[in-house]
Amino acid sequence: MGNGTEEDYNFVFKVVLIGESGVGKTNLLSRFTRNEFSHDSRTTIGVEFSTRTVMLGTAAVKAQIWDTAGLERYRAITSAYYRGAVGALLVFDLTKHQTYAVVERWLKELYDHAEATIVVMLVGNKSDLSQAREVPTEEARMFAENNGLLFLETSALDSTNVELAFETVLKEIFAKVSKQRQNSIRTNAITLGSAQAGQEPGPGEKRACCISL
């Protein structure tokens, strides 16, 4: 998966980061989009997002990654945060079992507000702190399998699997969009309009703000 330019892209995929406060969502975001990591644990209140354009085959995909930035502490996340999301990383801290114990609640909230076709990856973050592990890998992997989720363990600190996590989710979304587009072409059921899933803009056309699965 290569980098593209921010101005030149075929698709925009909105991906949301969800999970308890302090699990490392913001650092996963900054590591993927800017290759940065902050040891400052202070929480920023509000919703923020960063983007990174990557190449999937010959298609340029702009990943728009949204972070709750502390709002989860106050249960203040609204349906607007999930609207239009085609991917999600459900993050827990593998050194704090209580952050894993509530992933089912987060998953329910996600499915209550997002499309059923959303691509979801369960992410056990802070794998660099293996000595302090409280969540066995196989336990989390089994939960992911039983719920139809992708699964990886990551470390935003040392970058382990961060690229792979986002890349895997983006590739899965792209595969779904491509399949939907092919099916639409075969059935001659493409709806004209920039918001149609899988439709690439023509020359001079304004690019779609998001893709819906």
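Just so it is clear, glycine is given a Cβ too, placed from its N, Cα and C backbone atoms.
The structure displayed is predicted, hence computed values, not measured ones.
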20-34, 35-49 - the one Swiss-Prot records as motif 'Switch 1': 35-49
Coarse DSSP state, helix versus strand versus coil, of Ser21 (GTP binding site): coil
Lys25, Asn27, His39 as binding-site residues, winner by CB count within 10 A: Lys25
Site of maximum Cβ density within 10 Å, from binding-site residues Ser21, Thr26: Thr26
Pairwise CA distance, Asp67 (Mg(2+) binding site) versus His39 (GTP binding site), rounded so that it is a whole Å: 17
Which same-chain residues, if any, lie at least 6 apart from Asp128 (GTP binding site) yet have Cβ under 8 Å of it: Ser155, Leu157, Asp158, Thr160
